[in-house]
């Protein structure tokens, strides 16, 4: 169904001060117990997450809990404990996102020192349909290797919780960038949009559609490069087999979704890209409406305003995206050749991305892995993990080594070996029936996510306000737009 949680720009700001209405069983600081003394005189105390998820370890003071026996305040004790929380080979740093059934933690890989985002999902709170969608999301992300798509590094699973270790985009959302800086000049928008089109064309070439492309799902890394995120509504497609699940965010949704028609797949992403281009260049959405009914009518008419500052080339490009008839929308292969897309890139015309060969193994990284994991794995086991892309500790470390700006020196390798000895248990292998990277099918029914036009009626209204003006209104309620 349509994604209503952040479907409205106005609702997006309003919900920032609201707590989730549905509780989750994910614990903020789950603790694993190992009853053993440490050299510092502290003991490791154990606590178990609901359902017996022994996945995270932290060190706490045995006497900090006893009143009057410690000079340390409970707040400082909690601060110290927070610094020692680990999931697998990752040190948790802080919460950077939260929903009803999941949260996202910024974390640091203890071996490479690389920062990652860990999405922690409470599987027990999900119904079979949602579990199936989650299973599909992980399966799709494992297939992707594009510089402008958020990378999946590792999958860890227990009976109740799924941990997805993802690339961390420190620049935040494009949505927030527009709020802070206003609309982009066409030169800046072009640089970002070329990356977006390259990534989506790559998805389509692999018979994958995203189905929820919007400014909130476009992230920026530290170098301000685009990273497409959130594949929760993604699916595979094949020509001749139409899809009938109507999902996404209303302001970015294609007309055929509003009219309840089945669709092939790529064309709904193409429409959403047109909305994104308009938003980047103008700082507002092309289709407005004080309620969903009004928005629907305007989308189905396909009429939108062209700002006076928009170039003719950009306007002509929009006309290739925002076409009512899905059969007449341009393919992304043709979009890549468009004049506007290549202004300033005459010697570097946008072309389909060529994925690196799967058998192209970096021997230098393999040698580093052998040194790091020398006590637990031989070279053949390490090669197998990397070549078969197992998305567990060894494979994740291989991928993260490739993200480093500099090589690991001898002292860093020695420290990594020490961290491996003392870090918490590997949740990927904690449960034999839940192998690394797999959501067990016993949790998933064969039924697909429900489809129907009725889902559209649950979406929030989408006023076509300038993003900057909405931001000002939310901070200054007395001001007028």
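Don't overthink the numbers, they just go from 1 along the chain as shown.
Cβ coordinates are placed from backbone N, Cα and C, and glycine is handled just like the others.
Curation does not apply to TrEMBL; its annotations are automatic.
Marked as ATP binding site by TrEMBL: 119. Per TrEMBL, compositional bias 'Low complexity' is recorded for 64-76. Per TrEMBL, domain 'Protein kinase' is recorded for 90-341. Annotated domain 'UBA' per TrEMBL: 360-402, in sequence order. Residues or ranges marked as region 'Disordered' in TrEMBL: 62-82.
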*Across all the protein chains here, work out how many other Cβ atoms are within 10 Å of the Cβ of the residue listed as 'ATP binding site'.*
19
_Per DSSP, what is the helix/strand/coil residue tally across the domain 'UBA' (360-402)?_
28 helix, 0 strand, 15 coil
*pLDDT averaged over the residues of the domain 'Protein kinase' (90-341)*: 94
